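Down below is the structure, laid out as C-alpha cells.
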Amino acid sequence: MLHDLGKALPQSNIATVIVSICSIAFLVIGRDLINPWVKKRFPIPIPFELLLVVFGTAASFLINLYGNYHVAIVDHIPRGIPDPSLPRIDLVPILLSDSIGIAIVCYVASVSMGKLFAKRHRYRLDAGQELYALGLMECLSSFFPVYPAGTAISRSLVCEAAGTKTQLHILFSSLLLLCVILWVGPLLEALPMCILACIVVVALQGIFMQFKQLKPLWTLSKFDFLVWIVSFLATACFDVTQGLAISVAFVLLTVVFRCQWAKWQQLGQLANCGEFCDLSRYGSAEQLIGVRVLRFAAQLNFANVELFKQAVQAVIDDSIAAAKKKAGTSSGGSARLVVKHENGHGVDVKTANEQNTQLKPSTKIKWLIIDCSSFAYLDAMGVDALKESFTDLKKQGIKVYFANVSVPGLYNIGNTCYANALLQGLAGCPGFVTWLERIDVSSLTADEESDKKEKTLFLDELRTTLLKLNDASLGTYSAANLIEALLSRKWLIAANSEQDLYELFNVFVTTWDEDLAVRASSLRTVSLLAIPTMDTEQREMDFSSSTSRQSLSEIVMRSLSDAVVEEQRTRPPCVGLIATQLQCSNPSCAYKKVRHDRFCVLSLTIPKITASPMLTLELLLRKYFCIEQLNGATCDCCQEKRQMTGTGLIKKQGISKLPRCLIVRIERVGYLPSGAAFKHSDHVAFPETLDVRDLCFYRSKELDYQMSTRAPEMTSRILGGADAAGNSNPIGPLGAGLGLREHATINGGSFVQERRNSLRYRYQLRAVSVHRGRPDSGHFVTYRRGVGRAGQHIWYCANDAQVSRVSYQDVAAAQAYMLYYERMNVR
C-alpha cells in the first residue's frame, strides 16, 4: 500500500490536488466550526457532505474538469437493477482461500466499528448477532453480481457524524440510492472522484487521531503498544488480509510471552488495615513475622510453572537471608502472628496465637500464603507445581496456605452444560452438601449390598461430585460418573443432545427418592433384626407379665422413634409442604378443608400484563400464592344438605413447612397460538435475602401480633399468605420487612426475640442458573458463592470448565432461570 502510494505521487494532477484541498477545507470548517454553532440553535445540522457533492458536481460540469484538466470523475453510472442468478459453484475451489480471508476481514471490521460506536454511545454489542446479520446479508447478496458485503467504515462514520441514531436511516439511504440507480445516476457522472475521497478522509479523521493514544498506551502497556504498531505497519505495508494474519499471530505470540514473563510480588499488610498490597509499591506495608505472602500475577500453566517455582524459592531464600542478617542485630523479644480475616479477600489462615506459638524476630519463615486470585485456569502441570511446592515446603517445616482460590469447574462432555449448571447450583448450597454427608449407605447388609449397590450408586456419585465442587484445592472435575449412574438407572440421556436444567433436577429428585426408599427398607430390616432372639427358657416364660411387655414395648417405641429421626435426617433439604385450603363462599356454611402437598421447586410464570413497572420475584411469588375464587363450585357439605349450589369456593395457599433450601424456577419458555415456542426475556429482579413469612400458611402468635400492627391491607389474606391484589407489604432484603419503626419503641429483649423470629423466615441467595440462547437451544451457566467462610461474599460465574470472579451487580443483572436460596441459621 505504501509502495503504491509512493509510485503514484509523481503522477499527481495539480487540479485534482487543488480540488481536494478545497474540499477538505470546506468539510473541516463546516463540520468543526460551523456545525457546533448550528447544533446549539437548531436540532438538524447542516449536511456539508451533501452540499459538497452538489456544488462539486455542478462546478465540474460547468468548468468541464475532466476535459480541460483531466480530473477523474465518476463517469458512466449504469441504470437499473441486475437480475438475480444462482452463484457459480464451480468457482468455490478457486476462491475458497480468498473468501476465508475476506470473511474474516468483513467480520472483524464490522465488530470493530460496532465496538467503537458502542463505546462512544454507551450500549452493549452482541458479536454473535453481528455474525448472524453478516451471514444472512452475504447469502442474499450472492444472488446478485456485487462485491462481498461488509461494513462501510466511511458511510458509518458519515452517518454517525450526521447524528444518525437507529438503523432506520438505511431505509432512506437505500431509497435515495435506488433513485440514483434508476433516474439520478446520469446527473452525478460529472462528480470528481477526489471529492468522494475527501468525504471519506474527513469522516475517518477520528480513526487517524488514534495516533494520539500511542503515548498513554506506551505508559499503560508495552505489549499493547507493540500490538498497535505491528498491526498498523502490517496493514499499511501489505494487504489487509495479510496484515490481519500478521496481527493475530503477533497477538498470540505476546500472550505466550506474557505467560512466560509473568510478574510476581511479595505482599505486606498495611498498618491498621487488613489489606495486603505489593511491598515494592506501598512503603507502609509490612511483612508479618514468620509469614510471607506471594502473589503470582498470571495464570499458572505449562509455560510458566518453572517461573512459579523460582518465585517460591526466591521468597524462601530472601526470608532466610533476612533472618541471618538480623540474627546479630536482633534484641530478642517476641511477637505474635496476627492475620486479620477480611471477607471478600479470602485471606484465612491459622494464626500463631491459635497455636500458642511465639516467634522471635530473627526466626525464619514458618508460613507461606499463595494468593491464587489470578489463577482463573490451571492445567495439569500447574496443579503439579502447586502440589510439588506444598510437599517440598512441608518437608522444610513451612506450612503453605492458598488464598482466593476459585471454585472448581466441570468439563463439558457433550452438551452437558445443563448438568454442570445444576451441579454448581446445588454445590453452592451448604445444606445440600451437609445432607449428602449425613446419608450413610454402609447400613446395607452384606447380602443386600451386591444386589442394591447399583441403586445406591447415584447418591454416592452426587455426594462425591458436590464435595469435589466445594474443594478449592482441586482443579476441573468431570461429572461423567454421575451421568453414568443415571444411565444405569434406565434414564434416557442422549449424548450430545441439549436438555433442560429443570427436567434434570426432576430426574435427580426421582432417583434419590428411590435410593432413599432402598435405604429405608434396609434400615427397617436391620431394626427388626436388632430385637433379641428368645431361647427355649424364654419361650416358656409368661409374657403376660408387665416387665416383659414393657421391655418389648420399649424396643418397638425406640425403633419407631429412631425411624422418625432417621426420616427427618435424610429428608432432602429442598422438600417442603404447601397447604391448600378450600373454604365455602356460603356464609352459613362452615365447610373448610386443608390439603398438604409436597414440593421441591416452586415454578413461577411471568405474567403477560402486570401493573408493576418492574417484575420482581416477590411479585411472582404473590401471584403464585394469591387467593382464587372458584365460581360455580359447590362444597361437599352444601351438596349433602342440598342447600344452595354453585356458591363457589375460596382457594387459599401457603407454605406449611419451610424447606431448608428453597429452589425457585422462573418459566421463560412460552408458546404462541400457532404452537411456536418463544422465550421471555423480561428481567426479574430477585433479592439477595428473601423473606417468606408473608407466604407461610402457619405463623407464630408473636408474628401475627407484628403483622396486626402494620397498616391495614386492601384485600383479605391467606392465613398469613398473599392477597389477590398483591397489596401486602413487599418481601425485601434484610431489614426491609422487620418493622423497624415499631421495634424502636420496645425493650432490648423483645427486639432480639422478634428479630430471631423474623430470621426464621429468611433465605439467603446461594446460586443463580441462567439460560442463554434460544428457547430450543442455548447454554446454561451458574453464578454461585465461593467456597468456605472466606468465599461467602465472593461470586463466581461457572461456565463449564471456565470459572471467573464476578461482582454481585453482574449476578443481579442476570436473567435468572433457577434461583437457589438457603434458610438462614438462627442462633
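Glycine too: its Cβ is placed from the backbone N, Cα and C atoms.
Source: prediction; values computed, not measured.
Copied over from TrEMBL:
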type	residues	note
TRANSMEM	12-29	transmembrane segment
TRANSMEM	50-71	transmembrane segment
TRANSMEM	91-110	transmembrane segment
TRANSMEM	131-150	transmembrane segment
TRANSMEM	170-188	transmembrane segment
TRANSMEM	195-213	transmembrane segment
TRANSMEM	225-257	transmembrane segment
DOMAIN	281-406	domain 'STAS'
DOMAIN	408-824	domain 'USP'
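Counting only same-chain residues 6+ beyond the ends of the transmembrane segment (91-110), those with a CB under 8 A from a CB of the stretch are 130-131, 134, 138, 148-151, 153, 240-241, 244-245.
Pairs of Cβ atoms less than 8 Å apart link the transmembrane segment (12-29) most often to 195-213, out of 170-188, 195-213, 225-257. With a threshold of 8 Å between CB atoms, the same-chain residues lying at least 6 positions outside the transmembrane segment (195-213) that come near it are 19-20, 23-24, 27-28, 31, 49, 52-53, 56, 74, 153-154, 157-158, 161, 228. On the 0 to 100 pLDDT scale, the model's mean across the domain 'STAS' (281-406) is 69.
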